[in-house]
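Enquirer: Take this structure, written in structure tokens, and hold onto it; I'll ask about it next.
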Amino acid sequence: MRNVKNYTPKEIVAELDKYIVGQKEAKKSVAVALRNRYRRSLLPEDFKEEVTPKNILMVGPTGVGKTEIARRIAKLVEAPFVKVEATKFTEVGYVGRDVDSMVRDLVEAAVRMVKEEKLKAVTEKAKKLAEERLIDYLLGKKKKQPKNPFEMIFNYPSSERTEEPDNVDSYKREEIRQRLRSGELDNHMVEIEVTDTTPPMLEMYTNLGAEELNITLQDMFSDLLPKKKKLRKVTVAEAKKILEAEEAQNLIDMDEVIEEAVKRAENDGIIFIDEIDKIASTGYSAGPDVSREGVQRDLLPIIEGCTVMTKYGPVKTDYILFIAAGAFNVAKVSDLIPELQGRFPIRVNLKPLTKEDFVRILKEPKNALTKQYQELLRTEGVEIKYTEEAIETIAEVAYLINQQSEDIGARRLHTVMEKLFEDLSFHAPELSGQEIVITADYVKEQLKDSLNKYEVNKYIL
């Protein structure tokens, strides 16, 4: 696995600490699971096949960091990663998404990732080729291309152009090259010929689900039919970007990209299944549980290890890491079918957030809400400062409202902060150049309606 080999479990936890407060146990479990992917890659081939990832089940109330841990992990390790909602799936045979689609989504993510890497690797070469093409267009030098038989059959516009002598003054080319590189020609208009990437409107679907065998005519005949060209009149600056992208695309081997992507999805892929508690059968409902027990049974072979057909070929799920998360406030973990429970050997309980956690959430993370509002209002020329008491009061209000109503964890801070900054955000353009200090009294004044509504006024000192 790329990147993660540079991180020890302790370093992975340290990276997560920059964005997520507390939940050490969950962070440690995820860090060890990621490090084990790297350790497995170093094993001898004959033994490597015997080592499968230990899937993780994160249990905890909403808003304590389950999804955020998954999001940050995906960015950190740069592995193919997809996040899916368990509630979106239905049992095979019913209308809706089937569980195989999560594996197809993972492969798509892997293809995008590998393709971006390959495109990045050929950027410099693509720039040079694009520059030569652009100089040709600016000089009016156009090549005469033979007409493809298919172009005549399908009435494609002719690619024929007037060919100019090859002895175009090299001095003139060099002069245009220098003007191009200096940006002098950026606003000039130029007509360029590009490949038409608009997909055909007609698509073929099977009754197995729209995305299961969604075969477009473009996929079927892309190699057979000629690429349709079209003329576009754009600025030179825009033409550079368009031609660079087209040349880069021509330089990469998509077969190689797909082969690498499938391999990476199989060995490094991570699938995060959110809201898994919502497909637990509580025993209170009558009738068929289309999106509950049936979905759980469909998940079993994928998590255990099977082969899923995708448009890029068969993909084995044996070594994909599955991380599931759920609040389990209505259903219990034991309400999941026993076979599915057994597929998640590592179980982590995330703790509800305390007032002290809220204070830390407002102060410590790199993307703390307090910092976000400071930066947003700084764009209007307004400087925001917070007193220590103000931050503690905001945390206390959020915590108490959670206690008195639905506990939505750290998401409550978004509601409280938005209400707190409602007036300031509205009047910010008129306050340009001023420094505003947020005090505890200001917080109480701005949030008095919320405090009265939830009757938490009496709890705040």
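Note that Cβ sites are derived from N, Cα and C of the backbone, with glycine treated the same way.
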Enquirer: In Swiss-Prot, the ATP site includes Val21, Gly63, Val64, Gly65, Lys66, Thr67, Glu68, Asp274, Glu339. Which of Arg112, Arg133, Arg232, Arg411 does it also list there?
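Expert: Looking through Arg112, Arg133, Arg232, Arg411, the residue Swiss-Prot assigns to the ATP site is Arg411.
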Enquirer: Over all shown protein chains, what is the count of other CB atoms within 10 A of the CB belonging to Lys66 (ATP binding site)?
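Expert: The Cβ of Lys66 (ATP binding site) has 26 Cβ neighbours within 10 Å.
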Enquirer: Name, in the order they occur in the sequence, the residues of the same chain whose CB lies under 8 A from the CB of Val64 (ATP binding site) and which sit 6 or more residues away.
Expert: Gln23, Leu350, Lys351, Pro352, Leu353, Gly409, Ala410
Enquirer: Using DSSP and collapsing to three states, where does Val64 (ATP binding site) fall: helix, strand or coil?
Expert: coil
